[in-house]
Amino acid sequence: MKVFVLNCGSSSLKYQLINMKNEKVIAKGLVEKIGENISYLNYKTEANNEIEIEEKISDHNQAIEMVLEILQNKEYGVLENMDEINIVGHRVVHGGEKFSGSVLIDEEVIKALKENIKLAPLHNPANIMGIEVSRKLMPNTPDVGIFDTAFHQSMPKKSYLYAVPYKWYEENGVRRYGFHGTSHKYVSERGAKLLGRDYKDLKIISCHLGNGASITAIEAGKVIDTSMGLTPLDGLVMGTRSGDLDTGIIPYIMKERNMNIEEIDQALNKESGVLGISGVSNDFRDIGEAAEAGNKRAKLALDIFCRRVKKYIGSYAALLGRVDLLIFTAGIGENAINVRKKITSNMDCFGIEIDNNKNNCRGKEIKISSDNSKVDVYVIPTNEELVIAREAKNVVEDHVKNIIKELIG
Ligand code: ADP
């Protein structure tokens, strides 16, 4: 069985074709700058064939069509024909309260997704576009939606409600939803396997530190709390997002700087975070280099980022009452040695101590806690595409089983 995983952003798409027999990636790549004068398509196969195309790609329809053609190319393709794709798994950012698990997509689901656009105006329209194009180009292939918010639907009400007028929740859907759910689910389940313990017995804190960053407390496989909220703007300091903020700043600065809603939204989402503080970059590699070269604001940005993660770990430890496993994942969590070191320093009161030699590594699955540490600390590279492919396969298999059950009676 082959699953095609699609992750559509507003001007980009990432894709992977996964063979579910051995869970190996047959081909993968991305298309960037869709709709601009020059777009980039990248394609790489398991057999190390690689293609880069630079030309105008007008829309997602054309982008997906090109990827499907390349996958079937006589010379460097990996498919005889499109029917070899058994399922398409789509990453969908916001499932709202309606979707607490992955779903087989039909007209009803698309309608519900469209209703959720107001909750994720930056992400859901592109996800829906990917689904619609896929249904058009592969009408006989089932599509499954896998939601970033789904894992967090296990959160209790006392965690997901904001202290605002209750009718904002009832009438407008204002609550914490949380994001990066597929990643938190994957690394926490993987962590339990690595410890050789039952997932249901564990209390876990999972730090997904990428350009977008979030942290989740998990108990017995359920989310107890997570740092992102109604939108991905909440919680940790990120590449370009502010994270937690005194909301009083918003009306104050709007008046002071004569800004409108769109401008403040843009500033908090795209011009804040470590970019806003450092003035250097949103990329931790650039900020790290600048800090080492003596740039004070770059160093400050790193300090503020790490301090926020530390605060969350402390507060989640208090909520959980005990921590068995602390996980670092995503671009920064997997690669930024100094960031992991800074976050975990002086945390012996929580039983957290890392071994600096073990921590001196990038991008691998490894235990980095010291022998004295009460909490196991691991780096676990995330694999959201694999979770999407597995979920998509399970949803379709369950659907087929149900049909057979109904037929047999
Ligand atoms: P997203 O999926 O949210 O775009 P990623 O998980 O891909 O983010 O993480 C991207 C970030 O990871 C980069 O912006 C960069 O800050 C950080 N990163 C990647 N490699 C390294 C590295 N070797 N050292 C430090 N930071 C890194």
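First residue shown is number 1, and so on along the chain.
Heads up, the Cβ atoms here are built off N, Cα and C, so glycines get one too.
A coil conformation is recorded for Asp148 (active site, proton donor/acceptor) in the three-state DSSP classification, outside any helix or strand. Around Asp148 (active site, proton donor/acceptor), a 10 Å sphere centred on its CB holds 27 further CB atoms from the protein chains shown. Look at TrEMBL and you will find Asp148 tagged as active site, proton donor/acceptor.
Sequence-distant neighbours of Glu384 (Mg(2+) binding site) (same chain, 6+ apart, CB under 8 A from its CB) are Asn7, Arg91, Thr182, Ser183, Tyr186. Glu384 (Mg(2+) binding site) falls within a helix when secondary structure is assigned with DSSP. Among the features that TrEMBL reports, Mg(2+) binding site is placed at Asn7, Glu384.
Secondary structure at Asn211 (ATP binding site), taken from DSSP and collapsed to helix, strand or coil, is coil. For Asn211 (ATP binding site), the count of additional Cβ atoms within 10 Å of its Cβ stands at 17 [all protein chains shown]. The ATP binding site annotation in TrEMBL covers Lys14, His208, Leu209, Gly210, Asn211, Gly212, Asp283, Phe284, Arg285, Gly331, Ile332, Gly333, Glu334, Asn335.
Residues or ranges marked as substrate binding site in TrEMBL: Arg91.
Annotated site 'Transition state stabilizer' per TrEMBL: His180 (among others), in sequence order. The Cβ neighbour count for His180 (site 'Transition state stabilizer'), using a 10 Å radius over every protein chain in view, is 30.
The site 'Transition state stabilizer' annotation in TrEMBL covers Arg241 (among others). Around Arg241 (site 'Transition state stabilizer'), the same-chain residues at least 6 positions away in sequence with a Cβ under 8 Å from its Cβ are Gly212, Pro232, Leu233, Leu268, Asn269, Lys270, Ser272, Gly273.
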## Note on the structure
Neighbouring CB atoms within 10 angstroms of the CB of Glu334 (ATP binding site), all protein chains considered, total 21
### Message
Around His180 (site 'Transition state stabilizer'), which of the listed recorded positions (Lys14, Asp148, Asn211, Asp283) come within 10 Å, judging by Cα atoms?
### Response
Asp148
### Query
Who sits close to Asp283 (ATP binding site): which same-chain residues at least 6 apart have their Cβ under 8 Å from its Cβ?
Gly239
### Message
Out of Leu209, Asn211, Asp283, Arg285, Ile332, which binding-site residues have CB atoms lying under 6 Å from ligand 1?
### Response
Asn211, Asp283, Arg285, Ile332
### Message
To see if you understand the setup: which same-chain residues, six or more apart in sequence, place their Cβ under 8 Å from that of Ile332 (ATP binding site)?
### Response
Leu209, Gly210, Ala213, Phe284, Val339
### Task
Could you work out which of the binding-site residues (Arg91, Arg285) has its C-beta surrounded by the smallest number of other C-beta atoms within 10 A?
Arg285
